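First up is the structure itself, then whatever we jot down about it.
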Amino acid sequence: MRVAASTVLLGVASAASFQQQTQHVLSSGYERAQAGMKPLAEQFVDAAGKPIANIEEAFHGMTAEVKALWDEIKLLVPESAFNHSNWFTKPKPARRRHDWDHVVKGADVQKLWVQGESGEDHRQVDGKLADFNLRVKAVDPSKLGVDKVKQYSGYLDDEANDKHLFYWFFESRNDPKNDPVVLWLNGGPGCSSLTGLFLELGPSSIDKKLKVVNNEFSWNNNASVIFLDQPVNVGYSYSGNSVSNTIAAGKDVYALLSLFFHQFPEYAKQDFHIAGESYAGHYIPVFASEILSHKNRNINLKSILIGNGLTDGLTQYEHYRPMACGKGGYPAVLDESECRSMDNALPRCQSLIQNCYDSGSVWSCVPASIYCNNALIGPYQRTGQNVYDIRGKCEDSSNLCYSALGWISDYLNQQDVMDALGVEVSGYESCNFDINRNFLFQGDWMQPFHRLVPNILKEIPVLIYAGDADYICNWLGNQAWTEALEWPGKKNFNKASIKDLKLAGAEKEYGKVKASGNFTFMQVYQAGHMVPMDQPENSLDFLNRWLGGEWFAK
């Protein structure tokens with residue numbers, strides 16, 4: 001079952017309106033977050049463990065308030081959505097290859113011990129790595145022409161759980177022996193990071209004739225970059241099972257990085273940064289927390305960057321109405337009556353999100369996601385305006401408004417491309433809507449992962465940047481949650497001066513920046529959801545300055 005109007009954010013997903021077919025739009029501490037929640041389908045069992053036949057049986061014993069919430073959801077969601085058999089379609093066929101240049105076994109890495117400064121022995125790399133292996137293929141740059149630099153591709157395998165994550169690494173064009181390493185993540189959830197590679201910030205793009213076009217403003221100009229297809233069953237990644245929450249995905253990413261840097265210690269000594277957009281506003285705080293939770297690690301994490309992310313729904317959802325109604329710097333998309341309707345819906349939405357924050361329960365978080373997205377994203381989406389860029393209409397609803405996504409998919413489905421990269425699945429999809437839906441019904445969408453950020457700020461800098469023409473994860477909401485975040489530096493951050501962002505030698509600014517302590521917020525002008533696509537030169541400028549530590553706490 002594909003939910004009929006889910007929103008996928010190339011980085012964020014939800015169900016904005018179930019009544020009609022529209023454009024697809026893509027805890028207090030880490031220990032609490034790790035506890036997670038059972039997927040909704042797994043909760044449809046009775047006391048004896050027998051599957052519940054339908055949602056009516058699940059209501060037995062619930063409070064009247066909870067039942068009332070779900071009565072509303074039933075009006076929006078087809079009964080089939082709650083049928084566990086519909087939750088996971090058959091995965092694409094995969095064929096294991098054996099012509100790898102390197103295979104790194106997690107069990108071997110886990111056996112390595114070293115002596116600490118005080119003389120005690122400890123494992124060289126913490127974490128449960130025994131079930132993981134990393135396969136590495138040296139990519140011949142001449143075969144694809146994407147870039148001339150050294151490249152590696154391959155899979156992280158979790159053999160115990162039949163999970164295989166695909167990655168593609170590009171060395172820096174400049175000084176790879178000293179330049180930092182960046183992990184790039186798209187969101188969805190369920191969208192491939194190879195869309196970020198070819199649509200936004202990688203060494204090349206793909207034109208309508210499926211030809212490779214060089215990108216002079218690639219993020220690997222001054223950094224080595226890893227593009228990772230995660231969670232499983234996204235892009236070239238595959239599994240016989242599925243991942244439906246952010247916490248589970250974090251364990252896989254930690255294992256991948258640990259084994260990759262073990263195989264390539266020359267990169268492990270460099271500074272490492274995690275960057276991403278949209279639903280990566282969920283992923284990155286969790287992934288960074290997972291890495292930082294391991295004292296003995298070979299991942300030299302120095303900062304995180306989140307672009308147009310969804311991180312604090314309670315704060316961010318308050319700013320859909322202003323953005324849609326002319327308060328975000330662009331003309332109003334909705335009329336006065338629609339804006340009033342959004343005003344009327346907001347208190348209920350905020351109450352539901354607060355319920356989710358307080359309880360962490362699937363039964364609270366799923367209604368919050370569906371109601372709020374229907375009430376606050378749905379009206380905008382039904383206008384046909386691009387949810388990723390308020391400046392224009394959605395021109396290609398079959399490709400998340402961007403025809404280039406279709407060209408990228410066609411290119412990556414060519415057999416010679418898949419062979420050159422060592423791909424094991426039969427084909428490529430830019431976004432997997434099964435994963436999109438499963439994360440929604442896991443209750444993952446409204447989880448308060450922003451609560452992880454204060455502890456991250458104690459150790460490393462955090463950059464939140466936002467293109468000012470995006471609707472779905474708009475700059476107003478991102479600015480608001482950075483100012484609302486409870487952390488020791490809140491007062492100083494909120495009163496920090498706002499400065500112009502300019503290219504060297506330029507008279508006109510391309511954005512604004514505010515920084516205090518380890519926290520930085522940027523507004524980037526004339527850019528939608530995908531800032532590097534809309535403003536390639538400017539995004540490379542702030543990336544290089546960020547990696548150089550310009551706004552880090554001194």
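Indices start at 1 and increase along the chain as displayed.
Glycine too: its Cβ is placed from the backbone N, Cα and C atoms.
Summarising the annotation, Swiss-Prot assigns signal peptide to 1-17 and lists sequence analysis as the type of evidence. Residues or ranges marked as disulfide bond in Swiss-Prot (evidence: similarity to another entry): Cys191-Cys431, Cys325-Cys339, Cys349-Cys372, Cys356-Cys365, Cys394-Cys401. Residues annotated as N-linked glycosylation site in Swiss-Prot, with sequence analysis given as evidence: Asn222, Asn518. Per Swiss-Prot, active site is recorded for Ser278, Asp470, His529.
Note on proximity: of the recorded positions Asn222, Cys356, Cys372, the one nearest Ser278 (active site) is Cys372, by Cα distance.
Non-local neighbourhood of Asp470 (active site): Asn308, Tyr388, Asp389, Ile390, Ala527, Gly528, His529, each in the same chain, at least six residues away, with C-beta under 8 Å from its C-beta. Cys365 (disulfide bond) is 23 Å away from Cys431 (disulfide bond) when you measure Cα to Cα. For the pair formed by Cys394 (disulfide bond) and Cys365 (disulfide bond), distance between Cα atoms is given as 29 Å, rounded to the nearest Å. Ranking the disulfide-bonded residues Cys191, Cys365, Cys401, Cys431 by the number of CB atoms within 10 A of their own CB puts Cys191 at the top. According to DSSP, Cys431 (disulfide bond) sits within a strand segment. In this structure, Cys356 (disulfide bond) is part of a helix by DSSP. Fewest Cβ neighbours within 10 Å among the glycosylation sites Asn222, Asn518: this applies to Asn222.
Neighbour list (Cys325 (disulfide bond), Cβ cut-off 8 Å, at least 6 residues apart, same chain): Ala332, Val333, Leu334, Cys339, Met342.
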